[in-house]
Amino acid sequence: MSWGSELWDQFDNLEKHTQWGIDFLERYAKFVKERIEIEQNYAKQLRNLVKKYCPKRSSKDDEPRFTSCLAFYNILNELNDYAGQREVVAEEVGHRVYGELMRYSHELKTERKMHLHEGRKAQQYLDTCWKQMDSSKKKFERECREAEKAQQTYERLDNDSNATKSDVEKAKQQLNLRTHMADESKNEYAAQLQNFNGEQQKHYYIVIPQVYKHLQEMDERRTVKLSECYKGFADAERKVIPIVSKCLEGMVFAAKSVDERRDSQIVVDSFKSGFEPPGDFPFEDYSQHIYRAVSDGTISTPKQEGMRGDPKSTVGKAKGKLWLFGKKPKGPALEDFSHLPPEQRRKKLQQRIDELNRELQKEIDQKDALNKMKDVYEKNPQMGDPGSLQPKLAETMGNIDRLRMEIHKNEAWLSEVEGKGSLRGERRHSSDVNHLVAQGRESPEGSYTEDANQEVRGQPQSHGHHEFDDDFEDDDPLPAIGHCKAIYPFDGHNEGTLSMQEAEVLYIIEEDKGDGWTRARRQNGEEGYVPTSYIEITLEKNSKGAVTYI
């Protein structure tokens, strides 16, 4: 469908339509620009979100270990890659769509202005031809009227008998003049009319159709360009789909990598102390010296019930005990990790030994490389001075010796921890046996028998005091076996622990059993456990060994 043949008289409407087309193009360009800004802001916000929730790793201890945490951090990495793809979309659309639209809009405006100028110029020329034709027409009309008047005057004088001959001749001459002028006007009008008709034919069938054809082609190209931009926008999205799909697949893979069993095992490995659970309390028979109405081998029911006590209060006390390592002491961390439970101490020492072995291997490799380089320099002096490597070799050897000493020291600490662990197992087994044979053999006063297999206190005490199941409200407190002086202050927040100030002096009532804690008592009778590494202990010679620990 051609605009030139169908819309030959719609120049003004076509001018408005082409202007609307350019306005629509620029409106779509504005839409693309805002969409680009949305994509950029979206990508920026995603990156900020990832940065906000990514772990801030200050040390190796803070590194995530649980599979659920690792999966979440992997998802954050995939989300960061996804944000990068949104930036790629914004950049691609900005270059291929928005930039192209702005360039083409400028070209359209220039081309439209040129075509409309040609159309207006042709219309102005046709208007000029019409005005010339109309002017000659009016002149011809005017001359014809003057000629008719001259003819009427001549005929009136010619028929008038009173008119003179000269008047008649004058009227005749005037008639001839007007008739001649009318004929000339007629010829001029005919020429102008013919010229106008020719120009009008050319205008409506050649010039204007050509102008409209250019405008139509321009408008169709604009429509095609919009179509290409629509497709380009979709292509920019389609290009990132494979990578976005990989990001989503990575998120799904991270979700599938969550292993609840492994996380549970990590919890065990992280918090396992290595202590043995406490053993059973021995039965303490206080009815031995009371007159028995029944046989000697029978325990009276009232005494048994009186000794049992309130089961609710016992359960309440057991539930109220807190785990010793629920909160770390605020004192300084020790080099041998003796402030940690045995199992955690063993792991820390093993990790340090592994790190030292890796450093040692690096130093050994460096020493070998320096020795090889030294041999090359000795064989080829022009390549370098062998003596220049001696300081570096000496430094490397010093590092190797230092690392070996560190490894030996940490291995000794590790052996100590592992040895104490096996000793606690044996002590636990011995405790179970002693509990079985001690009933009925201990003295009424709670003293100790000379038999090594019967060294069980009459007063019940805890076996493995690291869980703080000792009842410090016993009527008969433990005797002091020495005293200690606090080197560091200790808060003692957990139940069963005893707070102390720096330089404070306390009584020692139980020695450290290998778990890093010593039982102490203040002068006011308050008892509890304090870190062995926080105190300086002095034991009484006559009290040393007065208490046997199971």
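Cβ coordinates are placed from backbone N, Cα and C, and glycine is handled just like the others.
Positions annotated as coiled coil by TrEMBL: 137-174 (among others). In the predicted model, the coiled coil (137-174) has a mean pLDDT of 86.
The feature coiled coil is assigned by TrEMBL to 346-380 (among others). Among residues of the same chain six or more beyond the coiled coil (346-380), those with a C-beta under 8 A of the stretch's C-beta atoms are 269, 274, 336-337, 340, 386, 389, 392-393, 396-397, 399-400, 403-404, 406-407, 410-411, 413-414, 417-418, 421.
Summarising the annotation, TrEMBL assigns domain 'F-BAR' to 1-263.
Feature annotation from TrEMBL assigns domain 'REM-1' to 339-416.
Among the features that TrEMBL reports, domain 'SH3' is placed at 479-540.
Residues annotated as region 'Disordered' in TrEMBL: 438-471.
Residues of the same chain lying 6 or more positions beyond the ends of the coiled coil (137-174) and with a Cβ under 8 Å from any Cβ of it are 181-182, 184-186, 188-189, 192-193. With helix defined as DSSP H, G or I and strand as E or B, the domain 'SH3' (479-540) counts 3 helix, 29 strand, 30 coil. Per DSSP, the secondary structure of the domain 'REM-1' (339-416) breaks down as 72 helix, 0 strand, 6 coil.
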